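Q: Under the heading Mg(2+) binding site, TrEMBL lists D485, D494. According to TrEMBL, the feature compositional bias 'Low complexity' maps to 55-67, 75-86. The compositional bias 'Polar residues' annotation in TrEMBL covers 208-229. Residues or ranges marked as domain 'RNB' in TrEMBL: 473-823. Annotated region 'Disordered' per TrEMBL: 54-86, 130-244, in sequence order. The feature site 'Important for catalytic activity' is assigned by TrEMBL to D493.
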Amino acid sequence: MAFSPKVKRTTKYGDGAQNLLRSQKDAYARLLNQHQNGKFRSYLQELATQQVEESMSTSVSRSVNVVSRRKKGNSESSYSVDSLSSQQSRQMADASICSYTDKTSYQVTCTEDQGIKPGMLEKHARMELHKAAAPKKVPSKPQHKRNEKDIKISSNLVGSEEGDSQQLSCSCGEEQAKDKSKKKRLKGNLAKKDEGECGPEVDVITGKSPNKNIKAPQTQASKESLLQNNKDKGTKSGRGSRKQLFEEYMRTEDVSAGLERGELIKEVSGDINERTLANQMVPKAPDVIVEARYNEDDEVIGKMKNVCLHDKAPVTTQSVKHGSAFNISGSSSERAMQRTGKVVIIFEQKHSRAASGFLKFLPNKNFAMFSPVDHRIPRVNVPLVDCPADFVSRPGDYENVLFICRITHWPADNNFAEGRLAKTLGQAGEIEPETEGIMTEYDVDFSEFSEEVLNCLPQDLPWSIPAHELSRRRDLRKECVFTIDPATARDLDDALSCKQLSDGNFEVGVHIADVSYFVEEGSVLDQIAGKRATSVYLVQKVIPMLPRLLCEELCSLNPLTDRLTFSVIWKLSPEGKILSEWFGRTVICSCIKMSYDHAQSMIEAPDKHFSAEELPPCSTNHRIHEIKEAILNLHNIAKQLRAQRFESGALQLNQLKLSFSLDKESSMPQGCYVYQYQDSNKLVEEFMLLANMAAAHQIYRTYPELAILRRHPPPQSKMVDDLQEFCDQMGLDIDLNSSRGLHRSLNENLGNDEYAAARREVLTHMCSRAMQMASYFCTGALKDENSFHHYALNVPLYTHFTSPIRRYVDVIVHRLLAASLNCGPPLSLSLEEVHKLASHCNDRKTASKRVQELSSELFFAVFVKECGPLDSEAMVMGVLDQSFDVLVLRYGVQKRIYCNSLEGLKAVHFRKVGKRPEMTLVWEQADPSKESTQQVYYPKQLSVC
């Protein structure tokens, strides 16, 4: 459905039956514009026909009769007009009907967007109507034949596959009228606009079918060039009758001129959230909102866009909340106007243009239809030569086979893109084909590292630290250093140490793998690591950023092995106050590799004596008791640090995370459970956060223009307001005014009943939706230090330093740190290069996160299919008219339940109590003598699924 802004119409019409009839016609036109319904089209055509019969001359009336005969279903021969006068009449009648349709549609659009009086539009439309009735130039004989052929083709396309591809939802006569209407607007209406008859030009994003992208608005110059191109097509290629479905992107020179005049804004925007496609705010331009009228496919093609500004548009809540920079003096109605924009060009394509999906055979065609799994990507025509050899003869064999297709082109006059098949994946529903499809679509490089990359690694194995390198570093190999990681972790990039000093304070160290020692800046290895930017963690495997020789051996802080590290060491009081800080390159030897469960057992049983059999292999230089004491001291300090963070206004929204137990041979899921976040996790987290904050201050202090930091903007105001209103309606005492208030509300104000934990999880999910994404940035690219702030942590400066094995940003931070401490060369990147690198790392991190989520969803689906059905309690998160969203508490999975899929459901009643939605489900009873059972659902209520 195409979405149009709802605006209260204040235009006054004249008195009398004629004005009443006109208002009725306008109402039908508005409904047609909003709903695109075939019945409204037909009715509007009847009204237009009556209008023509009453006002046109005899010749035009005869033309209307020809159109009427076409509507009654006459044969194709009735369209073939032998006489020239009949041909003229038919063209004039079609154009006349279309003029009225255009008039009503354009009147609604202009009145809503500009407040232009309908009388002006009536005058404009009447002029167009009589202009259409004027004698037309006689087409040449070849052109006449082509028109007849086009009519025949259009008639045959209705209801067929190709007809669907041409978006023929009306009768042939109506489609031909639309064709001529488009030409009429190009040749007539645009000229009228330039002359000022309809006021200033208004670009309104409209469309004929949902789920199709709008390519771009055009400047006057580009429109004229497009008109000339269309003329050339009509006279040279024989495709002049193909209507243009999408606007072309603006030309580069027009974009440059628009930017100079201030008519366009060039911005880099993040991924469009598929849950909130209705509108997207332009970064750093809070007074401009980009409105999507339906699910646009542009989002999967790129992110760097130019935005064309419109002076005024109907106001929305989000527009007001984010539009404080757009001040309009005058009446309140004028101040309530919000500038809008739309995408006019994409400078840099960031989507892979690849998708996984299925093939559909089309009889009598030289191409097949590719239907992507992702509904945001258009269907694609692929040549049969790319399909399997027996696809044409046995298409049923491939109904459940996944393919990879890459889009190569999308014509402006076709609903479907064009592409080529890249690969056959395998059977849908199987883990490996589905996983490969996910990674390909999100452009994850899962290929093996080339020989050129591997040649950058140490060749003399087993490798040992050179003596000259040891002399440059602080030697910590005799200290009690240990790692705490998941039991299955193989890339150990952080270690901890803690010893009590004679004055009662503690020396605490965070030691991070020195990956920058092995990854030389500018090398082939450095380039491939920068391109991948992050490791991708799937349920069954990891796609590493670096070769496994580095990830799992040379850089990994494996126990009982000398390793190069970058360390930050503090002197801390028992209350967690930092007394001193030291940064530098070090060498360590971890004494034990502990899992979170091992550390948790020590925290939970501080007086227990642990034997060697209960723990992993341990160095003989350090006793188990010494390791346990260090962990307990770290735990106590971490509790102090954590309390101070939240007291200072930090916020943590930990959502439920689903984990799987896998079969060792087949990697198939054998069970699933919600991952438990324990005190041992919190211990490690606190000291990693502390190290990241310390690194951020160090590199920004030394390199204020080149530092790469991480910022987190505050949540979107409109979504916060909506959530606050929802909580108030539910009677929930939630403070959304600050991060501190929200954290306190989620942990203190949700009651102590049996469903308090479930209520907290639901609200955590809902609060997470309002949050914006954290992102990397170059400090030289943002001049306002206030924009460096990290909302969730509530700290002024933050970066990533602690995971260089799996994040490329951390490698850059290590190089900046080394340069700032004079123990490494200066960074060779410019401000612009660091800025681009930060943007690239943001893209890859977002893609990696989405791939991880899809991998988890895939394994859960396979698990349910193999082991289901599964019963679990779920809490309702939201209610729609025919469905409701729930959070399945046992698995932490959010699902939408559709009422028409529920067995035994007798009736559904939906209503709103105030603004709170409420749904009543009436269930049938097995015993007919008993009354039906009713369940009332609204957000916060518990239901059993």
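Here, residue 1 is simply the first one shown, and the rest follow in order.
Placed from the backbone N, Cα and C atoms, the Cβ positions cover glycine too.
A TrEMBL annotation is a machine prediction, not a hand-curated record.
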Q: Does anything in the same chain, at least 6 positions from D494 (Mg(2+) binding site), have a Cβ under 8 Å from its Cβ, and if so what?
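A: Correct list: T483, V510, H511, I512, A513, L557, V684, M688, T802, S803.
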Q: Quick one: pull the CA-CA distance for D485 (Mg(2+) binding site) versus D493 (site 'Important for catalytic activity'), whole Å only.
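A: Given the Cα positions, D485 (Mg(2+) binding site) is 9 Å from D493 (site 'Important for catalytic activity').
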Q: List nothing but the one residue from D485, D493 whose Cβ has the fewest other Cβ atoms within 10 Å; the candidates are the recorded positions.
A: D485
Q: I'd like to know the mean pLDDT over the domain 'RNB' (473-823).
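A: Its mean pLDDT is 93.
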